[in-house]
Amino acid sequence: MPSAFQFQCHLVLIFLAASKGETRYLEVRDAGEDDPFLLLSEDLKRELSAGQIYRRSLRCIDMLSIEGQFTFTADQPQLHCATFFIGEPEELITIDYDFVNIDCQGGDFLKVFDGWILKGEKFPSSLDHPLTTSQRYVDFCESGNIQRSIRSSQNVAMIFFKIQQPGNGFTVTVKKNSNLFPCNVISQTPSGRFTMVIPHQHRNCSFSIIYPVVIKISDLILGHLNGLFLKEPSAGCAGVGDFVELLGGAGLDPSKMFPLADLCHSFHGSAQMKIGCDNTVLRMVSSGKHINRVTFEYHQLDLQETETRKENSIEEFCFPSI
C-alpha cells in the first residue's frame, strides 16, 4: 500500500511524466473527486503553442509546471491551502504578485517558500540550501509592496495561504528562468539522465527522484582516484572533502534519509544500484577545491524484476521506517 508521502508526491509526478513533452501542466482537483488530475485539452495546447499567456484559477491544493497567470478566489473560508511549482532541472521559478486582496490583520496570510515543504520536511534540506530557513519564507503580510517578485533557488517552489473571507484572493504570474548550474533538483519524471556540475563552489547539491529506481552512475570526476564504498557506521568518505552519496527514504528531506553508498573517488565506467524507496537522492558534497561532475541515468524500479544484471551492481536497499 502506498505511503502518505507517495500519495501526496508520487502520483503527482507520475501524471507530470504523462504530460511531459505535450503539456507540462497538471491540475489537482479538490479532495473527494474521483479523478484527481486533469490534463490540458487539445484546444488549450494549440493556444499555448501560439504564444498566448495561459490563465486559470487555482484550487486550494494545486500543482503547476507551466508558466502563466493564476488566480485564487475563496468561495468559502480556506484555512490550509498550498500550490506546488516545479520546473525542469535547469530552470528557476519566479513568482510575481499581480493582485492581492487578503485580510492580514484578520489572520489571513500568503507566503512563498523557496523549495518544497511537506509534513514538516523540506527540500532542499537546511544543510543544502544557501539561505536559512527563515530567509526561505517570504510573507506578503510582512513585505507587502516591498517584495512583489520572488525567485526560487532551484526548480521547485511553493506558496501556502489562508483566506477566510469569501471573495478575497490573489493573482500571481509564474515564469521560468534558466539556471546554468542546477544544484538542488526534484525530478518530474521516473526516468531520465542528468549531469550535475559544481564549479569550484563550496556547496552541497541533491537530485531527488520520488520513485523507487535503478540508478546508474556512468561518470564521476572529483579529482581523486577510483573507488566505490558501501556505507557502514564506521566507514564511508569521512575526511574526504568531495564525494557523492546515495540516499534512500520515505520522506522529502535528504538530511533525514538513510545513507546507502558513498563514492569518494573519480571513475569512468558503470556503478549501478537498485533502491526500492519512496524517494531516492543522489547528493554531491563539494569542498570548492575542484570542478566536480557526476553523470547518471535512472529509471523506475520494477518491483517484479528479478533478472540479475551484468553491470557493476549493488543489491537493492530501502529503509522505509527511517
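Using the three backbone atoms N, Cα and C, a Cβ is placed for every residue, glycine included.
For Cys104, the disulfide partner recorded in TrEMBL among Cys81, Cys141 is Cys141. Looking up Cys264 in TrEMBL gives a disulphide bond whose other cysteine, out of Cys237, Cys318, is Cys237. Which of Cys9, Cys81 pairs with Cys60 is settled by TrEMBL: its disulfide partner is Cys81. The average pLDDT computed over the domain 'Corticotropin-releasing factor binding protein N-terminal' (52-177) stands at 93. Most other Cβ atoms within 10 A: among the disulfide-bonded residues Cys60, Cys81, Cys141, Cys205, Cys237, that distinction falls to Cys205. Put simply, of the disulfide-bonded residues Cys60, Cys141, Cys264, the one whose Cα is nearest the Cα of Cys183 (disulfide bond) is Cys264. Sorting the domain 'Corticotropin-releasing factor binding protein C-terminal' (185-306) by DSSP state (H, G, I as helix; E, B as strand; all else coil) yields 3 helix, 66 strand, 53 coil. Cα distances from Cys60 (disulfide bond) to the disulfide-bonded residues Cys141, Cys205, Cys277 are smallest for Cys141.
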